[in-house]
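Peer 1: Submitted below is the structure of interest, expressed as structure tokens.
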Amino acid sequence: MNAGASPRTDADPVVSLTDAVAALGARPVLRGIDLAVHRGEVVALLGANGSGKSTAVRAAIGQVPLTRGEVRLFGTPLRRFRAWSRVGYVPQRTTAAGGVPATVREVVSSGRLSRTRLGPLRKADREAVDRALGAVGLADRAKDSVNALSGGQHQRVLIARALAGEPELLIMDEPMAGVDLASQEVLAETLRAQVDAGATVLLVLHELGPLEPLIDRAVVLRDGCVAHDGPPPKAVGQHALPGHDHVHPHAAPENADPIRTGLLD
Amino acid sequence: MDLFDYAFMQRALLAAVLVGLTAPAIGTYLVQRRQAIMGDGIGHVAMTGVALGFLLNTSPVWMATAVAVLGSVGMELIRSRGRTSGDVALALLFYGGMAGGVMIINLAPGGSTANLNTYLFGSITTVSPEDLTAVVVLALLVLAVTLGLRRQLFAVCQDEEFARVTGLPVRLLNLVIAVTAAVTVTVAMRIVGLLLVSAMMVIPVAAAQRLTKGFGATLAGAMVIGVVVSLAGTVTTYYVDAPSGAAIVLLAIVVFLILSLAATPLARRRARGTAPSPEDVASCTLDEGKTGTAASPTNHD
């Protein structure tokens, strides 16, 4: 694909896993996978349940320790990586709510901690939270309890939380799982806006679905090994019809040079 | 009001206000991560500290603080490992702390289990000036942490993995929560008692969230309820000879029940505001003849 075709000056991949091996308990989950995501790319990690795709993204952000191999983010080995504000993480949505209610705004604001750390929430931070809420279409629900939301709206909250830190890299674990069709469209639109603005995306998907036109490359895992790394698998059904071919607005390497995240400035 | 004339009562009331503020404040975070039992465990462990204070003839409050902090750090380490054997390890810690306290107090010269009573259930007449100094210092520490770091602690309690990916020092913040909970236990020990302190960390929070939709509102509401019931309970035991902890906790339960009853129609009204049910539509058509009735299904509150 385009991103690998022309080596850039900052040729370091945004995310790279090299020979990554990880186990959950005694069960080996990753058996030595190589995965690189380059600047501006949208890479989908596909595979059956238990193929290791969630473990791979969680290893990429240091939440699963590797027993062999290396993870680098923005060219820095993970154990020395500190620039977490460049990363926006959307975990797999769990239905387990906390013991205390929280508003949409409170949850989204916690995404801003990657920039404020232990400091106060300033005006610029609150504005970033407002933008993140707007980006997922939940500005009018800011004061509502997250427990009152539907599954799809809850997923949008988690994405807004990741966007609140104005990251360059989005890592999403099954963002479409259990999401109604209307919210899927909103999510696809949100993601498209991020990609158009230069964001790099690594996401775990069960099926390509409405995100299909955005995906540059698919990595398919099987039993903890990379089974396919290349163009997204050909969709069947109406997605396979001619005329469904798509053009990526961010694909042209020549005008991709000054990378903006679009969120930062 | 002659009760304010007594120095012991002034100390007890000040301590009560501080307990009412601090216990629900740290309790909100513990309830958020479904760790409400932790306050109870720390209370058990602190018994060893109180008994050691007697045995070594030093301040039971400071000794209890030291032992409670050690115990809570141990509990946090067990929790963060997340092993299935963690349950057993916690049980060993809890009951070891309680048994150790009872054993040590009986070793102390002239000491008996009866000495522990006021520490277990609270007593307004026993707040000494030295105790009060310790309580004030420790309570300010608890408030500084629970209010000053509220956004960070909320994030850690709400989604620990996400908090780690934001780059927050999650392990350190978890220890801060554990130590703060331990300190709160010793703040509350004199007024509410070690066996009932957990109730003040949980019940005001549960009561507040009958009415609230957000974390900040729950935190604030729980602290208001906490101050009201601990002041009222302390005053009650000025007139009724009973352990203050019992009065405070019973009052907290009453507040919880009242708010639960009040919350049911409130929740129903809120639900009506967002999604009109067939009944509402029916009542709406009935109301059509009247002018300007407030209850209309489109009326969002």
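A Cβ is built for glycine as well, from the same backbone N, Cα and C atoms used for every other residue.
TrEMBL entries are annotated by machine, without manual review.
Just lifted these from TrEMBL, have a look:
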REGION    B:272-301  region 'Disordered'
TRANSMEM  B:12-30  transmembrane segment
TRANSMEM  B:90-112  transmembrane segment
TRANSMEM  B:132-150  transmembrane segment
TRANSMEM  B:162-181  transmembrane segment
TRANSMEM  B:187-207  transmembrane segment
TRANSMEM  B:219-240  transmembrane segment
TRANSMEM  B:246-267  transmembrane segment
Peer 1: Is the number of Cβ-Cβ pairs under 8 Å between the transmembrane segment (B:246-267) and the transmembrane segment (B:187-207) three or more, considering only pairs separated by 6 or more positions?
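Peer 2: Counting Cβ pairs under 8 Å, at least 3, so yes.
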Peer 1: Applying the under-8 angstroms CB criterion, which one of B:12-30, B:187-207, B:219-240 scores highest with the transmembrane segment (B:162-181)?
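Peer 2: Top-ranked stretch among B:12-30, B:187-207, B:219-240: B:12-30.
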Peer 1: Take a look at B:132-150, B:187-207, B:219-240 and tell me which one has the most Cβ pairs under 8 Å to the transmembrane segment (B:12-30).
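Peer 2: It is B:219-240 that shares the most Cβ pairs under 8 Å with the transmembrane segment (B:12-30).
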